[in-house]
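Over in Swiss-Prot, the protein carries these features:
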BINDING   CYS11, CYS14, CYS17, CYS58  [4Fe-4S] cluster 1 binding site
BINDING   CYS21, CYS48, CYS51, CYS54  [4Fe-4S] cluster 2 binding site
DOMAIN    2-31  domain '4Fe-4S ferredoxin-type 1'
DOMAIN    37-68  domain '4Fe-4S ferredoxin-type 2'
Amino acid sequence: MAHTVKIYDTCIGCTQCVRACPTDVLEMVPWDGCKAGQIASSPRTEDCVGCKRCETACPTDFLSIRVYLGAETTRSMGLAY
């Protein structure tokens with residue numbers, strides 16, 4: 001089951017995670033609730049391969065993805081889904 005995950009509090013809107021993703025899972029979307037005015041969102045979680053390049057690219061060390069291979073992939077980016 002896929003779901004959108006948004007990063008609110010510590011996302012600085014740098015887009016490094018978006019550029020690092022080899023499967024184009026992440027995108028920046030407008031968001032008035034953070035300082036940068038945009039946040040990273042993952043509308044295509046079903047395409048995530050669990051490489052963690054986005055996590056490595058994140059300069060605030062906030063982005064975290066846990067991938068459990070099997071029937072369902074579970075992801076956590078620090079906030080509720």
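Note that Cβ sites are derived from N, Cα and C of the backbone, with glycine treated the same way.
For CYS58 ([4Fe-4S] cluster 1 binding site), the spatially nearest entry among the binding-site residues CYS21, CYS48, CYS51 is CYS21, judged by CA separation. Fewest Cβ neighbours within 10 Å among the binding-site residues CYS14, CYS54, CYS58: that distinction goes to CYS14. Its Cβ taken as reference, CYS21 ([4Fe-4S] cluster 2 binding site) is surrounded by 21 other Cβ atoms within 10 Å in the chains shown. For the binding-site residues CYS11, CYS51, the greatest number of Cβ atoms within 10 Å around a candidate Cβ is found at CYS11.
Sparsest Cβ environment among the binding-site residues CYS17, CYS48 (other Cβ atoms counted within 10 Å): CYS48.
The CA atom of CYS11 ([4Fe-4S] cluster 1 binding site) is located 12 Å away from the CA atom of CYS54 ([4Fe-4S] cluster 2 binding site). Ranking the binding-site residues CYS48, CYS51, CYS54 by the distance of their Cα atoms from the Cα of CYS17 ([4Fe-4S] cluster 1 binding site) places CYS54 first.
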